[in-house]
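Here is the structure we will look at, set down as C-alpha cells.
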Amino acid sequence: MGFLFTSESVNEGHPDKLADQISDGILDACLEQDPDSKVACETATKTNMVMVFGEITTKAKVDYEAVVRQVCRDVGFISNETGLDGNNCRVLVELHDQSPDIGQGVHGMGTKSLEEIGAGDQGHMFGYATDETPELMPLTHVLATKLGHRLTVVRKDGTCPWVLPDGKTQVTIEYENEGGAMIPKRVHTILISTQHIEGVSNEKIAEDLMNEVIKKVVPEKYLDADTIFHLNPSGRFVIGGPDGDAGLTGRKIIIDTYGGWGAHGGGAFSGKDPTKVDRSGAYIARQVAKSIVAAGLARRALFQISYAIGVAQPLSIHVDTYGSGKIPDSEILEKVKEKFDFRAGMIGKSLDLKRGGNKRYQTTAAYGHFGRDDTDVFTWEKVVPL
C-alpha cells in the first residue's frame, strides 16, 4: 500500500539560509589563511542588521564585516526592496577566542597529532542513502531542493525578473515500500512560495513558476492530472528576507540533510570547523551510507556514529539497511570498519575538510550538503569501495 511523504527546502535568500552562508563564508575566510583555525561562528539577522558572534581562534587576518557584506551581495540582498541592503546595513561583530578548556581537551592547544585529536563535542550523527535517485538521495528532498535552486537561477539570469531572493518549496510524493526500498510513484503536491516585486500579478507568478521552474525540474513521468499545485498560495510575498523574518544559523538542519528521511542527531553544520563532529561526523556518515548503497550491499542505508568530547575514537557505530540489505547488517558493518577511520582528526584529513576558500563551505550552506555533484567541494560524496 502506498504512502505520502513530504520534504521542504528554502532558497539562499531565506533569512536562516543567509545566516548559514555568512557563518560558512567566515569559516572559508579563516581556513583559507589558517587551515588549523578553530571556528564556531553564529549569525543572526533582522531588518537592516547582521550580527556575527561566537568563538574563533585563528592566525588569519579576516575583515569579518567585509565577508558579511560580500555574502549578502552574492545572494542578492543589495537594496531595502530585496529585504536587506548588504552594502549599508549594520554589521555587528562579537567574536572571541575558543575557550582554553575546550582547546586543551580537544587538540591540546595545538600539540596533539591528527591521530590524537579528540572530538570537539559529544553527539551522535547520521548518514543516509537510498537508491531511488542517481544522487542516492530521497526524491522528495532532491526535487524540493532543485526547485529552490531553479528559482534562484531564473532570478539571477533574468528569466523571471520579478523574483526576489527569499523563497520556499515543498514536495509531496506517493511512495511504495518494496522490501525496505523506497519506490517513488508520482508527485502528489508541489508548493512554491517565492518573494516577488510589487505589481506582478498572481497569474503571471503561477504561469512562470509552472513553465520556468516546475517543468524544468520535475520529470514529466511523475506529474499527472491529479498532481496538486500551490503556487504562492498566500497571495502576496513582497516583504521577504531578513525584513520579513529574523534569520539564525543552524535552523534548517533537515533541509541541509535528507528532508526528514533517515534520522538527525540535532547538530547544525554551518560556521563550524572540522573538529566539530556535528559537521565532520555527519559528512563521513553520509559517505558510509552512500558507499553501502553504491556497492549494491543494500538499497537503503542509515549509518549512526557517536562521540565524546576530547576522545578521538567514536563511542559507537551502527548500520541499518531497513531490511533491504543483500547481506546481514552486521557483515556490512564489518566491511565499513575495515575501510573507514572514524577518529575525529582523521576524518578531516580523509575528506580534506581543512581546505577553505573559494566559497567552498559557503557553497555547502545552500541547497543541501548531500547529493551534490562537485566532489572536489563535497568530498564526502566520493564513494569508497566496500
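Glycine too: its Cβ is placed from the backbone N, Cα and C atoms.
Since we're looking at a predicted model, the values are computed, not measured.
Database features, via Swiss-Prot:
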BINDING   Glu8  Mg(2+) binding site
BINDING   His14, Asp166, Gly167, Lys168, Ser234, Gly235, Arg236, Phe237, Asp245, Arg251, Lys252, Ala268, Lys272, Lys276  ATP binding site
BINDING   Glu42  K(+) binding site
BINDING   Glu55, Gln98, Asp245, Lys276  L-methionine binding site
Report task. Which residue among the binding-site residues Gln98, Ser234 has the fewest other Cβ atoms within 10 Å of its Cβ, if you could check? Result -> Ser234
**Report entry** Length of the line joining the Cα atoms of His14 (ATP binding site) and Lys276 (L-methionine binding site), in Å
**Finding:** 25
Requested in this report: Give the sequence-ordered list of residues that share a chain with Lys272 (ATP binding site), lie 6 or more positions from it, and have CB atoms under 8 Å from its CB.
Outcome: Leu27, Val39, Ala40, Cys41, Gly120, Asp278, Arg279
Report task. Measuring CB to CB from Glu55 (L-methionine binding site), give everything in the same chain under 8 Å that is also at least six residues away in sequence. Result -> Lys38, Val39, Ala40, Leu95, His96, Asp97, Gln98, Ser99
Query - Cα separation, Glu8 (Mg(2+) binding site) to Lys252 (ATP binding site) (Å, whole number) - result: 10
Query raised in the report: Given the ATP binding site residues His14, Asp166, Gly167, Lys168, Ser234, Gly235, Arg236, Phe237, Asp245, Arg251, Lys252, Ala268, Lys272, Lys276 in the record, what is the largest Cα to Cα distance, rounded to whole Å?
Result: 42
**Report entry** Chain-internal residues, separated by at least six, CB under 8 A from Glu42 (K(+) binding site)
**Finding:** Ala19, Ser23, Val52, Phe53, Gly54, Leu248, Thr249, Gly250, Gly271
Report summary line: Per DSSP (three-state), Gly167 (ATP binding site) is strand
Query raised in the report: If you count Cβ atoms within 10 Å of each one, which of the binding-site residues His14, Arg236, Lys276 comes out on top?
Result: His14
Report summary line: Cα of Gly167 (ATP binding site) to Cα of the residue listed as 'Mg(2+) binding site', in Å and rounded, measures 11
Report task. Looking at L-methionine and its recorded binding residues Glu55, Gln98, Asp245, Lys276, figure out the farthest C-alpha pair and report it in angstrom, whole number. Result -> 30
